Amino acid sequence: MIEKFLELGVVKFGIFRLSSGLESPFYIDLRNVLGEPELLRWVIEQYREILLRLKFDIIVGVATGGIPYASILGYTLGKPISYVRPEAKEHGTGRLIEGAEVSGREVVVIDDVLTTGKSIIGAINAIRSAGGIVAGAVVFLDREQCGSRNIKTATGVEVYSVYKMRGLLDRLKDYIDEEQYRSVINYLAQWRC
């Protein structure tokens, strides 16, 4: 299944500016998985295997990348779902968290890709401000750029990942050229976490 990530442009090589402001020789776009039901089922199953080991009452997606995965996982596991906006609405209810009530409940946070951890830290803080208890965070891919450490340091919350970038790269090694592989390995070497 993993080779389909290249075919569908889920993993891209080049020079990319990330939402964190960092420049990267690779880009991960898990939104492309949403248009491929077979691959989507596989990705959901990978998340599910981690979630089955955790104790939680509610699944909360991080906007925007985590929302579709949180929604499908909530439906699949029979758990209520919510999502955290990047900032509160200025109209309507003005809520930061939409969906099921998090107050007094054990929450697992879902996102697609982890870089610096800023989005997940923001979501954890919002959930705690609303009275939720954060049991953990799960991402499909940890880019290995100190995000897990940043989250643990800032919030005490453990992050679980389906893949770490080096592991994904090793799985893709037979499908990419040596220059692409080396470029990513050299880039990741600068992150000492």
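Here the Cβ of each residue, glycine as well, is placed from N, Cα and C on the backbone.
Listed in Swiss-Prot:
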BINDING   Arg85, Lys89, His91, Asp111, Asp112, Val113, Leu114, Thr115, Thr116, Gly117, Lys118, Ser119  5-phospho-alpha-D-ribose 1-diphosphate binding site
BINDING   Thr115, Arg143  orotate binding site
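Features recorded in Swiss-Prot, as mapped to the structure shown.
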{"residue": "Arg85", "record": "5-phospho-alpha-D-ribose 1-diphosphate binding site", "Cβ within 10 Å": "17"}
{"residue": "Asp112", "record": "5-phospho-alpha-D-ribose 1-diphosphate binding site", "Cβ within 10 Å": "23"}
{"residue": "Leu114", "record": "5-phospho-alpha-D-ribose 1-diphosphate binding site", "Cβ within 10 Å": "29"}
{"residue": "Thr115", "record": "orotate binding site", "Cβ within 10 Å": "24"}
{"residue": "Thr116", "record": "5-phospho-alpha-D-ribose 1-diphosphate binding site", "Cβ within 10 Å": "18"}
{"residue": "Lys118", "record": "5-phospho-alpha-D-ribose 1-diphosphate binding site", "Cβ within 10 Å": "16"}
{"residue": "Arg143", "record": "orotate binding site", "Cβ within 10 Å": "28"}
Practice prompt. Round to the nearest Å and give the CA-to-CA distance linking Leu114 (5-phospho-alpha-D-ribose 1-diphosphate binding site) with Arg143 (orotate binding site).
Written response: 6
Worksheet item: Roughly how many angstrom lie between the C-alpha atoms of Arg85 (5-phospho-alpha-D-ribose 1-diphosphate binding site) and Thr115 (orotate binding site)?
Response: 18
Worksheet entry | Shortest C-alpha distance to Arg143 (orotate binding site) - which of the binding-site residues Asp112, Thr116, Lys118 | Thr116
